[in-house]
Ligand SMILES: Cc1cc2nc3c(=O)[nH]c(=O)nc-3n(C[C@H](O)[C@H](O)[C@H](O)COP(=O)(O)O)c2cc1C
């Protein structure tokens, strides 16, 4: 039994390649494990608000010192963290926008990476005062980009999408990650066709591998 949190971040509702990968992933997963729970959070269509001065002040207050308006400003953050904490697998289906993650997805990370909820901070730890409070989660990135070569060679220096998601997810308890990426969308040529076909074909084996790991770890 696995709990999956699926985040979708494309601003496009139709023709979205990353949403298509997400659908395939969810369908493949449920075909193997129909009773597993997939919680979906669509930040592309319903972007979380940017955090504010009041949000920051509220998270740094001890819980008992928060007034009604602090609690109000943290309501969505509490809800999003409530979806995240029980998840074994965090699936993030996202486009690359301007060489990084969409602002809506960054807003989701800003809402869920929270002191004393998802990470602790202690200067006694020396140069690494931040530690995640959760562990053992797996991150699956299902991504789409217009350009190509972002993951390996020719344009990897422009790729601020995958490294940023991986580093930020560490603070949520992610310890391993998998990537399925469609590239060359803007070219629409055979490189795009090949990339799309390869990514689509990678979903089923990935799901089987993750299922095998889940089964092994619960033995
Ligand atoms: C606002 C915007 C910014 C984009 N920036 C980039 C970029 O920096 N690099 C890139 O390779 N593709 C970029 N693209 C192309 C998208 O990553 C590509 O169209 C992808 O398929 C979008 O994901 P989706 O199909 O799930 O909506 C951008 C597209 C949009 C709409």
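Note: Cβ is positioned from N, Cα and C throughout, glycine not excepted.
Summarising the annotation, TrEMBL assigns FMN binding site to 10, 16, 17, 18. The annotation domain 'Flavodoxin-like fold' is assigned in TrEMBL to 3-202.
Within 10 Å of the C-beta atom of residue 10 (FMN binding site) sit 25 other C-beta atoms, taking all shown protein chains into account. Listed in sequence order, the residues 8, 12, 15, 19, 20, 21, 22, 93, 94, 95, 144 complete the 8 Å Cβ shell around the FMN site centroid, once 10, 16, 17, 18 themselves are left out. Just so you know, the Cβ of residue 18 (FMN binding site) picks up 27 other Cβ atoms within 10 Å once every protein chain is counted. Within the same chain, residues at least six positions away from residue 17 (FMN binding site) with a Cβ under 8 Å of its Cβ are 10, 95, 144, 182, 185, 196. For residue 16 (FMN binding site), the same-chain residues 6+ apart in sequence whose C-beta sits under 8 angstroms from its C-beta are 10, 44, 95, 144.
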